[in-house]
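Residues or ranges marked as transmembrane segment in TrEMBL: A:21-44, A:56-80, A:92-115, A:152-171, A:192-212, A:224-247, A:268-289, A:304-324, A:336-355, A:375-400.
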Amino acid sequence: MSNHAPAIKPADDPAFTLPATLSALSIPLCAGGLLALVGGWALGSFGVDVQFGMSAYLTAFIYCLTIALGAMFFVLIQHISRAGWSIVVRRVAELMMVMVVPMAVLFLPIVVTLWTGEGTIYKWDDPGYAEHHHIPAEVWANKTIYLESKFFAARAVIYFAIWIALAVYFFRGSVTQDETGEKKITERMQKWSAPALIILALSMSFAMFDWVMTLAPMWFSTMFGVYMFSGGILAAHCAVAAGTYLLQKNGAMRDEVTVEHYHDLGKYIFGFVFFWIYIGFSQYLLIWYGNIPEETIWYWHRQLGVWGALSLVLVFLHWILPFIGTMSRHVRRQPTLMFGWSVYILILHFIDVYWCVMPEVYEGSGGTLAAVGGGIGIVASILCAVGMAALMIGLILRIAGQTRVAASRDPRFGESLAFENI
Amino acid sequence: MSDDKNEKKVHGIVAEYTSVDTLLDACRRVRDAGYTKTDAYTPFAVHGIDKALGIKPTVLPWIVLGGGLAGLATALAMQIWMNGINYPYIISGKPYISLPAFMPVAFELTVLFASFGAFFGMWALNGLPRFSNPIFTDPRFDRVTDDRFFLYIDAKDKSFNQAGAEKLLRDTETEYINTVVDDDTSTVIPKFLITTLITVIALSFIPLLVVARMRVTTSSQPRFHIFPDMDFSPARDAQQTTSLFADNRAMRPDVPGTVARGELEEDLDYLTGIDMESLTRLDADRAKQLVRTYAQAENGEPENSDATPKTDAPAEEKSVMDTTPWLKNNPVEITKDVVLKGQEQFNIYCATCHGRDGRGNGLVNQRAQQIMASSWIPPSSMHQESLYAEQYPDGKLFNTISNGIRKMPGYAGQIKSKDRWSIVAYVRALQQSQNASLDDVPKDQQAELKAKKADVEKALAEQAEAERKKEEERAAKAAEKE
């Protein structure tokens with residue numbers, strides 16, 4: 001409805017620029033984040049052992065990457081569906097999406113450890129693995145065609161090339177439009193969003209196979225990429241809601257983002273909470289019913305001790321609690337409550353990634369306290385994730401300081417401002 | 001325009017608008033004037049109309065939630081009842097009540113019932129289905145499906161008065177206000193509709209009639225199969241042949257080098273009932289042969305040759321049976337469960353010939369006597385001294401069950417060795433029961449037995465008394481006649 005659309009703000013309007021209070025946070029966040037990240041990694045590597053430190057690093061990396069890729073999905077979905085409602089919050093997602101560029105640099109330690117063989121977490125790189133695990137030579141020979149360190153690195157280059165190209169293209173288009181207001185840019189981005197989505201879905205799925213699933217070299221699940229996507233897109237919606245809320249509270253946006261936008265983000269969060277368990281349970285059900293040892297072992301590791309407890313935490317706190325919590329329209333129409341739920345789910349998403357990655361460090365450890373690296377290991381894991389997240393937020397603020405925080409000259413900006421749910 | 005319709009019942013007032021904005025504005029005014037029984041009609045969904053009309057939030061979400069919970073409860077209760085209680089059936093080796101397996105159905109029914117809640121709840125809240133509405137009488141109302149917006153104030157509203165409502169609407173940006181009156185068209189249902197309805201109902205009975213007729217008649221035609229692969233399962237039954245394997249057997253022998261679950265026996269003594277150490281000393285060749293036989297069986301070949309070497313002369317056989325150092329004692333620890341298991345197995349496999357009491361007069365024997373089968377050798381009674389433990393050791397009895405004797409076939413293929421030992425234990429108990437005194441029974445059960453005995457004696461006495469009386473009466477009658 002454009003029945004009472006407010007006037008579109010001119011290009012030189014001071015609105016949607018990052019206030020100085022937030023810009024000033026950029027460098028401290030980057031520096032502190034980097035320090036915490038390195039500290040967490042060092043604590044894990046030298047306090048527990050080298051594999052543990054790298055695993056904690058990988059957990060943090062996958063955590064941030066899934067959110068960045070989730071944000072990219074969000075942006076592409078808005079384009080392909082020609083969504084009007086989301087224009088005021090789309091820039092927040094766009095800012096998160098370009099984080100795949102620094103993420104490419106942060107991937108280097110993982111590939112370097114694999115190449116040097118010092119403390120790599122990918123056990124398929126160990127020549128003695130097959131013999132030690134009684135894997136038939138024929139099977140292992142087929143596995144190692146794909147699981148080979150040079151091919152692994154080459155694939156990583158392809159994934160990041162795709163993501164960086166997509167992020168830069170869609171971010172630059174949107175930012176250019178801030179200056180020119182050209183309608184053509186929107187049309188062009190709409191056109192490319194369809195192939196982009198296909199490529200992104202495939203590359204993300206394969207990246208998750210490569211980087212997370214092969215931590216258990218003999219285990220496989222064709223749904224695994226979708227599972228990681230489901231957590232990522234949920235967390236991305238939460239990050240958009242939380243980020244928008246914080247920007248609004250700090251004066252970068254005013255009343256442009258209304259209850260209606262939080263309501264819509266809340267609907268997506270509610271839906272994706274269920275989508276996450278839907279995919280997670282589907283994967284579990286197939287493996288549980290098939291009852292083939294080479295498949296069940298992954299879940300078996302996650303049913304013992306600490307991992308068993310975390311599995312229950314995921315079911316009850318990552319699904320049931322937020323599912324009930326965000327079910328009501330009244331909750332979704334309270335920006336403060338949606339902010340709270342978003343932060344909550346972002347924390348649970350970390351536990352989800354942690355639960356995927358960490359049990360493979362000491363496989364068959366039975367989930368004792370030693371398997372999580374003891375108290376030092378827990379601190380190191382959290383420090384890595386908090387550090388990397390802070391680094392990302394710092395970088396986002398840095399870029400946001402040079403552009404606007406909303407795509408204010410998008411042709412559908414007015415529609416977004418006037419958006420109503422009921 | 002409204003004058004000539006005044007005699008008819010007035011339902012309300014309708015006003016027409018040309019845009020969403022004018023409609024919303026009018027809605028707000030009507031709402032602010034205190035009207036609650038109002039409605040807006042638009043060609044498409046208009047955001048903000050609820051607020052403009054002052055419509056309270058709907059209770060529909062609660063109906064949907066209730067529907068969803070009802071669906072969840074129904075699905076779980078249904079599956080737990082069906083698969084866990086009413087017809088317990090193991091599927092894929094999972095427990096009867098296996099929550100993960102129930103989840104897909106639970107999910108689907110939750111969604112289904114929630115959707116029903118949303119769909120039928122919406123109908124109920126909107127008073128649907130409704131085939132006619134007085135507003136349809138308005139000559140311009142049809143354009144609501146195209147490009148016009150209508151606002152309606154119901155006459156049943158508490159604050160409704162025609163003049164006031166009309167004045168209120170006239171102040172809004174409208175060019176058309178009309179009073180909605182009763183529909184004066186005929187209420188008679190058109191004949192063609194009734195005819196169609198009756199025809200459809202009549203036709204719908206045809207399939208039922210066909211089914212009913214098919215159920216009471218026979219046919220020489222084979223039934224047709226909707227799902228042939230379900231009616232003729234490619235899965236083989238036991239003892240059937242298949243072209244899938246070189247030996248054409250559908251039942252597969254154990255893979256060489258593997259042991260089936262529960263078949264991991266400790267030693268040859270257990271499998272043969274023979275004290276192998278003594279046998280080695282007495283007859284080394286036979287011991288070697290036995291070891292070879294069982295080693296082969298373990299390698300996947302069925303156990304063909306008997307543990308007892310076959311000999312032609314019965315006299316010699318007897319001597320071999322007698323010289324064999326049979327195990328004197330049952331290697332299985334005798335517990336109540338073992339004996340009960342033995343009883344169960346005995347009643348399944350042995351009782352058809354030997355009888356449940358072990359006296360050798362089972363149903364097969366009775367039938368054989370009846371038809372005077374010439375080659376029939378009556379099964380032995382368990383209750384003869386030559387079969388008691390002193391003369392016929394446990395190991396020998398086990399061997400007889402495993403490999404058979406005379407006409408009796410070996411049961412090693414059907415009964416697991418552990419269960420064969422249980423049968424041995426039960427046969428001993430059975431033998432004991434025939435020569436037992438009350439003192440052999442545990443003290444706490446003696447009273448029960450005594451009571452039972454008393455009951456039986458009493459019943460027998462009564463029966464005898466009744467017989468005697470009858471006899472006397474008959475005798476008396478006969479005497480009278482004479």
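Including glycine, each Cβ sits where the backbone N, Cα and C put it.
TrEMBL does not curate its annotations; it predicts them automatically.
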- Message: Before we move on, state whether the transmembrane segment (A:21-44) and the transmembrane segment (A:375-400) share at least 3 Cβ pairs under 8 Å, counting only pairs 6 or more apart in sequence.
- Response: yes
- Long-range CB partners for the transmembrane segment (A:336-355) (under 8 A, at least six residues beyond its ends), listed in sequence order, are 59, 62-63, 66-67, 231-232, 234-235, 237-239, 241-242, 245-246, 262, 265-266, 269, 273, 276, 302, 307, 310-311, 313-314, 317-318, 322, 325-326, 381, 385
- Message: For the transmembrane segment (A:192-212), I need the partner stretch with the highest count of C-beta pairs below 8 angstroms, choosing only from A:56-80, A:92-115, A:152-171, A:224-247, A:304-324.
- Response: A:152-171
- What stretch in A:56-80, A:224-247, A:268-289, A:304-324, A:375-400 has the biggest tally of Cβ pairs under 8 Å against the transmembrane segment (A:152-171)? A:56-80
- Looking only at residues six or more beyond either end of the transmembrane segment (A:375-400), which have a C-beta under 8 A from one in the stretch? 18, 22-23, 25-41, 43-44, 47-48, 52-53, 56-57, 59-61, 63-64, 68, 95-96, 98-99, 102, 106, 243, 252, 350, 354, 358
- Message: Checking distant contacts: for the transmembrane segment (A:224-247), what same-chain residues at least six beyond its ends satisfy Cβ-Cβ under 8 A?
- Response: 18, 22, 62, 65-71, 73-74, 89, 92-93, 95-96, 201, 204-209, 212-213, 253, 257, 261-262, 265-266, 268-269, 272-273, 275-276, 278-280, 283, 335-336, 338-339, 341-343, 345-346, 349, 352-353, 356, 396, 405
